[in-house]
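Colleague: Reproduced below are the annotations present in Swiss-Prot:
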type: SIGNAL; residues: 1-21; note: signal peptide
type: TOPO_DOM; residues: 22-396; note: topological domain 'Extracellular'
type: CARBOHYD; residues: ASN51; note: N-linked glycosylation site
type: DOMAIN; residues: 77-182; note: domain 'Ig-like V-type'
type: DISULFID; residues: CYS84-CYS165; note: disulfide bond
type: CARBOHYD; residues: ASN105; note: N-linked glycosylation site
type: CARBOHYD; residues: ASN180; note: N-linked glycosylation site
type: DOMAIN; residues: 187-282; note: domain 'Ig-like C2-type 1'
type: DISULFID; residues: CYS212-CYS266; note: disulfide bond
type: CARBOHYD; residues: ASN242; note: N-linked glycosylation site
type: DOMAIN; residues: 287-374; note: domain 'Ig-like C2-type 2'
type: DISULFID; residues: CYS309-CYS356; note: disulfide bond
type: CARBOHYD; residues: ASN326; note: N-linked glycosylation site
type: CARBOHYD; residues: ASN337; note: N-linked glycosylation site
type: CARBOHYD; residues: ASN372; note: N-linked glycosylation site
type: TRANSMEM; residues: 397-417; note: transmembrane segment
type: TOPO_DOM; residues: 418-541; note: topological domain 'Cytoplasmic'
type: REGION; residues: 440-507; note: region 'Disordered'
type: COMPBIAS; residues: 479-493; note: compositional bias 'Basic and acidic residues'
Amino acid sequence: MDKQESFFVGHKSHRCSQNRSVSQIHQRTSRLSECYTVPLQWPHGIVWHNNNSLLKGLEAGNGQSVQTDPSKSGFVGDTVELKCLFINGKPPVKISQVTWQKLINGTKQNVAIANPALGVSVLTPFKDRVSFKHPAVRQRTPSSLEDTTIVFSSLRLSDEAAYICEYTTFPAGNRENMVNLTVFARPVTKMTLTSPTIVARTPKRKMPVATCMSANGKPPSVIKWDTTLKGEATFQETRNPNGTVTVRSNYIVLPSRETHRQKLTCIVTYRSERFTDSVILNVQYEPEVKIEGFDGNWYLNRPNVQLTCNADANPPVTVYQWKLLNGSLPNNIEIKNNTLFFKGPVTYELGGTYVCEATNSIGTRSGLVEVNVTELPNIPFDEREIPAELHSSGAAIGGAVGGVALLVAAIALLVFFLRRRQRTFKGDYSTKKHVFGNGYSKAGGMPAHPPMPKNLQYPDDSDDEKKPAQISGPGGFESGDRDFDGNSEDLKRPYFTVDEGESRDYDERTLAFQYDPEPEIADDMVSQTDGSVISKKEWYV
């Protein structure tokens, strides 16, 4: 190194001797973008235009560079390293000085300086917390300045900034690079009950019951609630002077007996970390009273009956008081704590409305029960005992009834089918028969009117004179070629065949019976394909 070095600021030259202190040199090099350390004799081929042009020309010509991390981060109180490496080129250049600077709002503040001849200097604000990592640099006269990484310890929020590592070289000039340092503040999280005593009063009002707070965090935390309790949450952020943020959230509910002993969980998320805290609500409320012991079956002479006053309260009930509406309590009772014992058998005098009042420090509530006394026990039907023999006899009777019902149904069906089959044709089995409408005739032909008996037999219960009646006159029918005997077998038949159209005339003029309008075939008749029927005897022949 030459005895004299020249610091150029703009187009002006400043000379400083080599024996000057580091602090004096540091003051000269505070504006790194404008001041360069170069020899008085310029290298051949370099033309000075301005400081930036010189820097670019040296970079292009020699290829020196400074390597740093793009960014670094740490929490308050932690230790972090800011790397700075100098990559020399060919031919190599000579490192005259290394300077670390802090850039805040466009202003540069020197942090540490390493000079091969003058040693290492750390400025006062960082003196106890910043040091060079490489042992060769920490020597009184640094032997190597190619690795000038610094170590930040006990980080503070004020350390957050951009830091510049600048190398002053000969004859290449200055090389620099920058690293951004971010400082995080881990918040302090806690959850508390809003009030040590939460009271459910009348009228009911909403109130905050728990508070979750994440204080002095950077960046701010996110708070959520996890609970089955119905309510709503409020959130508030406060920015502190040091750059941290305090987040506060209250959970608001309507205090009641149902909210007592409910669990509230606060979930705080800070970056990738998660914190949880829980509280159990302690809600004080008036007693909830219910009287038990009356089962609706207090009958005369029933022994050992009692009434119990059960109260759900927080804090617990301290006083129980019994009374009977519209009267005084019977003489045969004994009160122990919350129970009313009735001595002796039940009588009608025990009936009435019993009231129990329960009192705690929050208030007094009451419950009542209406006691009715009956003469006989009220035994539910499903609880009555049925003898075993009744069970067996009932099963037998049920089986018998079921069997009889099935038998009757079978007989009815059999009778029905038999009666239908008994409706047969009452003629003889002589010749082939044809069906005409609803009546029958022989194959020889159909007369104008079927032969009718001259006398009809009246039923025995008829009111008219029971004697044969002559059918004659203009309204009568011709007897044809055949004479009928009043005592013949044909007249004793209950029906005879007529044409359907003529049957109406018979109904109007005679006492003849009406018949089924549908043709019926006897069991000894066989139906033919042409619509006729013949007797089985003729069919087999």
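Cβ atoms are placed via backbone N, Cα and C, with glycine included.
Describe the structural context of these features.
Modeller: In the three-state DSSP reading, CYS84 (disulfide bond) counts as coil.
Cβ neighbours within 10 Å of ASN105 (N-linked glycosylation site), excluding its own Cβ and spanning all shown chains: 5. According to DSSP, ASN105 (N-linked glycosylation site) sits in a coil region rather than a helix or strand.
Of all Cβ atoms in the shown protein chains, 16 besides its own fall within 10 Å of the Cβ of ASN180 (N-linked glycosylation site).
For CYS212 (disulfide bond), the same-chain residues 6+ apart in sequence whose C-beta sits under 8 angstroms from its C-beta are THR189, LYS190, MET191, ILE223, TRP225, ARG248, SER249, TYR251, CYS266, VAL268, ASP277.
Cβ neighbour count for ASN242 (N-linked glycosylation site): 12 (other Cβ atoms within 10 Å of its Cβ, all protein chains included).
Its own atom aside, the Cβ of CYS309 (disulfide bond) has 27 Cβ atoms within 10 angstroms in the protein chains shown.
Cβ neighbour count for ASN326 (N-linked glycosylation site): 6 (other Cβ atoms within 10 Å of its Cβ, all protein chains included).
In the three-state DSSP classification, ASN337 (N-linked glycosylation site) falls within coil.
Proximity of ASN372 (N-linked glycosylation site) to non-local residues of its own chain (separation of 6 or more, Cβ distance below 8 Å) is seen for GLY296, TRP298, GLY351, given in sequence order. In the three-state DSSP classification, ASN372 (N-linked glycosylation site) falls within coil.
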Colleague: For CYS356 (disulfide bond), which residues in the same chain are close in space, meaning a Cβ under 8 Å from its Cβ, but six or more apart along the sequence?
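Modeller: Listed in sequence order, they are VAL289, ILE291, LEU307, CYS309, TYR320, GLN321, TRP322, ASN338, LEU340, SER366, GLY367, LEU368.
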Colleague: Averaging the per-residue pLDDT over the domain 'Ig-like C2-type 1' (187-282), what integer do you get?
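Modeller: Its mean pLDDT is 94.
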Colleague: Could you tell me the C-alpha distance between ASN105 (N-linked glycosylation site) and ASN326 (N-linked glycosylation site) in angstrom, no decimals?
Modeller: 88
Colleague: Out of the glycosylation sites ASN180, ASN242, ASN326, ASN337, give me the one sitting nearest to CYS84 (disulfide bond) by CA distance.
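Modeller: That would be ASN180, the closest of ASN180, ASN242, ASN326, ASN337 to CYS84 (disulfide bond).
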Colleague: Among all protein chains shown, how many Cβ atoms are found within 10 Å of the Cβ of ASN337 (N-linked glycosylation site), not counting that one?
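Modeller: Result for ASN337 (N-linked glycosylation site): 8 neighbouring Cβ atoms inside 10 Å.
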